[in-house]
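**Q** The structure follows.
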């Protein structure tokens, strides 16, 4: 019965997944509240105290004038202007910064620290995203497929069947290790050095960026007190694209690596039995295809 099939699907698959999803969200909300609410209250109290001290030191200002000034600062921040800077600071819309912004649009990262403020810019951003997001998905898919295709060379190691599984597992592990260093270790170290962050902050920025969460609390190339090279943010955009492609490969290879480790363990456990068998009756280890 079609109706019974739909009900069975909801009861057997969708409903448990929905409950797990809701529970996961509730768990995250509870932990974030416990970790962050007290710090937010302290920051709010500290800000109010600083405003009172400012009014005490500058008696020519009243509360209303200060609130208006704070509002101007907030509006400038929303439009991408850093209140700590001045008119001599580099533009947020030079080519390098614009290239970086375009990358955050098509990758759906959207840090939130910079957005079009003109009507024409907002309209263009909508149509640009409509075309750019699918293009980005197709590009990353093909780039990830190309990176993964290089691993198919492991299939040529067939001279020693007993070692083929080991070679394939080691090859995947080496690929994941080098990718982690190039994408998730070295770039945070570089960003930490340039931006004056700790490694924890640099790694946090890298993960939040490559996971396309993009909170906007840490963004490269936005400190007005630093002098960045012209291509700094453009290079960061290229790193984002390569990092997203690498993550796509990692997600697709993660289950494959676990499966091969399981096969390798079975192979090791069966070595004694295979050594006792006749040479011509020794089974060849079956290759697990890497490419889809």
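Cβ atoms here come from the backbone N, Cα and C positions, even for glycine.
Among the features that Swiss-Prot reports, topological domain 'Cytoplasmic' is placed at 1-13, 141-165, 259-292. Sequence annotations record features per position, and here Swiss-Prot assigns intramembrane segment to 98-116, 202-221 based on sequence analysis. Under the heading region 'Selectivity filter 1', Swiss-Prot lists 108-113, citing similarity to another entry as support. According to Swiss-Prot, the K(+) 2 binding site annotation covers 109, 110, 213, 214, on the basis of similarity to another entry.
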**Q** Quick test of the contact rule: Cβ under 8 Å, at least six residues beyond the ends. What residues does that give for the intramembrane segment (98-116)?
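**A** Here the qualifying positions are 78-80, 92, 122, 124-125, 128-129, 132-133, 135-136, 209, 212-216, 219, 221-222, 233-234, 236-237, 240-241, 244.
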**Q** Per DSSP, what is the residue count of the region 'Selectivity filter 1' (108-113) in each of helix, strand and coil?
**A** 0 helix, 0 strand, 6 coil
**Q** My understanding is the cutoff is Cβ-Cβ under 8 Å with a sequence separation of 6 or more in the same chain; which residues meet that for residue 109 (K(+) 2 binding site)?
**A** 103, 209, 212, 213, 214, 240
**Q** Taking the Cβ of residue 110 (K(+) 2 binding site) as reference, which residues of that chain separated by at least 6 in sequence fall under 8 Å from it?
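**A** The list for residue 110 (K(+) 2 binding site) reads 104, 214, given in order along the sequence.
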**Q** Find, for the listed binding-site residues 213, 214, the residue with the lowest Cβ contact count at a 10 Å cut-off, counting only other Cβ atoms.
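**A** 213, out of the binding-site residues 213, 214, has the fewest neighbouring Cβ atoms within 10 Å.
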